[in-house]
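Written below as structure tokens is the structure these notes are about.
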Amino acid sequence: MRKELPNSFRFAGSKGHALAVQQRLIDTYIPEITAVKFNGQLVEPPKPISWYPEQLAWSMTTPKQVIRKFPPFASFQKFLVSETSVGNISRQEVVSMIPPLLMDIKPGMTVLDLCAAPGSKSAQLAEMVHGGEEARVRKVLHEIAAQQGREMSPNGKEIEAENSLAETEDDWSDDGRSTGLLIANDIDNRRAHMLVHQVKRLNSPNLIVTNHDATMFPSIEIESEPGKPKKYLKFDRILADVPCSGDGTCRKNPGVWKDWTPGNGLGLHAMQVRILVRALQMLKVGGRVVYSTCSLNPVENEAVISSSIERCGGLSNVRIVDCSDALPGLKRKPGLTKWKMMDKTGRFWDSWKDVEEEKQTKGEEGLGRLAEAMFPPIASSEEDRVPLERCIRVYPHLQDTGGFFITVLEKLSEIKARPESGPKKSVSTPIPTPSAMQNNGNETPPPASPSKRGLDEDDEISTSPKRLKTGGISQEEADTEQVEPKDIPLETTDAEMAGTEDITPGPKAENTPSEAKDSPRFKSDQPFKKKSNQPQEEPFKYLDPNHEELVRIYDFYGISPRFPRDRWMVRNATGQPVKAIYYTSALAREILTRMEGKGMKFVHCGVKMFMKQDAQGQDTCRWRIQSDGLPIIEPWVGEKRIVRLYKRETLRKLLIEMFPRVGREGWRDLGEIGERVRDIPMGCCVLRVETSDNEDGFKDRMVLPLWRSMSSLNLMLPKEERKALLLRLYNDDSPLIDHSKERFNKPKEDTGPSTPESKPIENGAAPASENMADPASTNNPADKGDDEMDNGVEVGVPAL
């Protein structure tokens, strides 16, 4: 238990792409590490986690400090840093990977992550929502090409790896594009923006990030038939990774040992039940909720499960799924069916009956927040017994991990949740003050109970316990903030949410946050004071399908008419494309438009597809394709903006050299693409790296954005991504060469007065300075989207 927790990471992205990066680890770095000695002993190389599918998750017992500073690990460290920086590797604690795997997500499903920050599980969920998508789209394109009597280039190994998955999934209605949706939510605005940073690298148009209290997540209106009651979105899968005391994290948070008190769990129990009940309300019949905590305290785990099932009408409405056969190789223990409760004085209680007897004879002193629902349930018959042994407990000593609790619940029928004020009793019902709510229900915060921490210098993704505190603001600020009241109508039925009853549905979106309930201090007519730390989000405005800028873009790139035109969005109040144009899925569009102005707090949605670019030449399109959205739009771009590359050395030159010359015979040094880039008109192009059986060819397809300027060429990739590709494809960590700086620093020759007639005119474009800036691969503030200028939280990518 006092041994340092192993390092663990997961290969992210599509299955085929993740397997390609994984293979490089196996072929190149494992043999190197196996021969390394530290303190006279051979180090243990990374090993795959036995129960994770396709061996896409690995762990390593060598400490981080050794990997960073010991010279024999230098190349492995560079691999980890470069692949992490571009999102191909995700740092994530082993036990944190379990809940998404048990959700059994299929493409086309609607998924909700209620307490999502910092985002490691959300990233897993997004990958599952898009499972097999690239292979499905390629299959559709092959069918279109066959109908048109033309051939398509081979798929490559990465896409072939996904073909088996694509053939088994039924999500073809949108030309193979995923029709599913993931909503990732967090109560804290700053952590919601950190969440955006983590999931944005997946470039999913099927993702929405929101900022709401999970206990009263708003009902989302969707399209209904005219004259019929309103319909509300129901989810196929919901993850409730709820805030908890975090006592299962004692290996990486040593403070847990000395700071633990019974009140940590007692103060969170009621809130955890409310989150789980709300999740079950929003779930489709036949859907799954996965409840998880990084706590081992039964009052936060089995007691929450049994209490939530009881409030939802019992086992006829909700059942615990037996997952004993899931994830073979995962060592686990069954859930507890009996446990004792400890009050704040350290006394143990076997049953609620004993507590009531104590109250009658000696009063309530020392009993604290003990409630009947926290004790093991007592069944009237075997049929009514809640099978808590089906819950999953992961203990640190079983497989050298952290402690974790997971339960999978399935909804069997519509439910009407019993109000909290029902027959289940508690010792006392104290009025929740703001300070108590900010400190896990304790009036006096524990000595070292940090808020939900963000990224630190060691972790790419934090898996610290989620705690209900004021993440990112001082206690003084928190104490002066007013909290808006909100009653939670937990009596809401499924029928009301589904629109089959003409009754106002459950929690509605409000324009302001609310965190308190049932307190006489807070009245519904009390004025709300806006939190000073909560930024104003830019609106989401969709463009008319026939907007003149879209017409220009579709014509310039020759985009197929089969690619949707009604899903383009901007992030500004005017609704006009100024800097960036984003793309979303159809369902995301429906939600954003229907919930506009109804108080739903959207933080992020959409993939940045086009960026405004100053360019010369009257016929040059001012909108360049952003690398974020290129994989989505690339299959539908016409041949007139395509450049095909087949040889490894040509790509290496483009990666290591920035702004190589095309004019003045420079195109002759660009290999097989030289003539094509010489003749193609100025503007953005799509570079397709095609597969080939030649020795100098590629086994996998790639697509990269390319900019053809007046006299040079440039891959529009961040430097980090260039370096990651060089390392992955060529094992090359040479410094990049920037030819634009060479030309800028070169002394000018005295060639006489410069006139427009004396300068060459290429491709019909107006004369331009040799040193005019191309779309650079650096982080230029001017390239930030409207939603990134002021509201984002800058979170750097740390070294591993």
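The backbone N, Cα and C atoms fix where each Cβ goes, glycine too.
Curation does not apply to TrEMBL; its annotations are automatic.
Secondary structure at Gly119 (S-adenosyl-L-methionine binding site), as computed by DSSP, is coil. Positions annotated as S-adenosyl-L-methionine binding site by TrEMBL: Cys115, Ala116, Ala117, Pro118, Gly119, Ser120, Lys121, Asp186, Asp213, Asp241.
Marked as compositional bias 'Polar residues' by TrEMBL: 426-443.
The compositional bias 'Basic and acidic residues' annotation in TrEMBL covers 515-528 (among others).
Residues or ranges marked as compositional bias 'Basic and acidic residues' in TrEMBL: 738-751 (among others).
Here TrEMBL flags 1-412 as domain 'SAM-dependent MTase RsmB/NOP-type'.
Marked as region 'Disordered' by TrEMBL: 148-173 (among others).
If you look up TrEMBL, you'll see 417-541 (among others) marked as region 'Disordered'.
Residues or ranges marked as region 'Disordered' by TrEMBL: 738-800 (among others).
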CB contacts for Lys121 (S-adenosyl-L-methionine binding site) [other CB atoms within 10 A, all chains]: 27
For the binding-site residues Cys115, Ala117, the one whose C-beta sees the most other C-beta atoms within 10 angstroms: Ala117
Maximum Cα-Cα separation (Å), residues Cys115, Ala116, Ala117, Pro118, Gly119, Ser120, Lys121, Asp186, Asp213, Asp241 listed as binding S-adenosyl-L-methionine: 20
Candidate with the highest Cβ count within 10 Å, taken from the binding-site residues Gly119, Asp213: Gly119
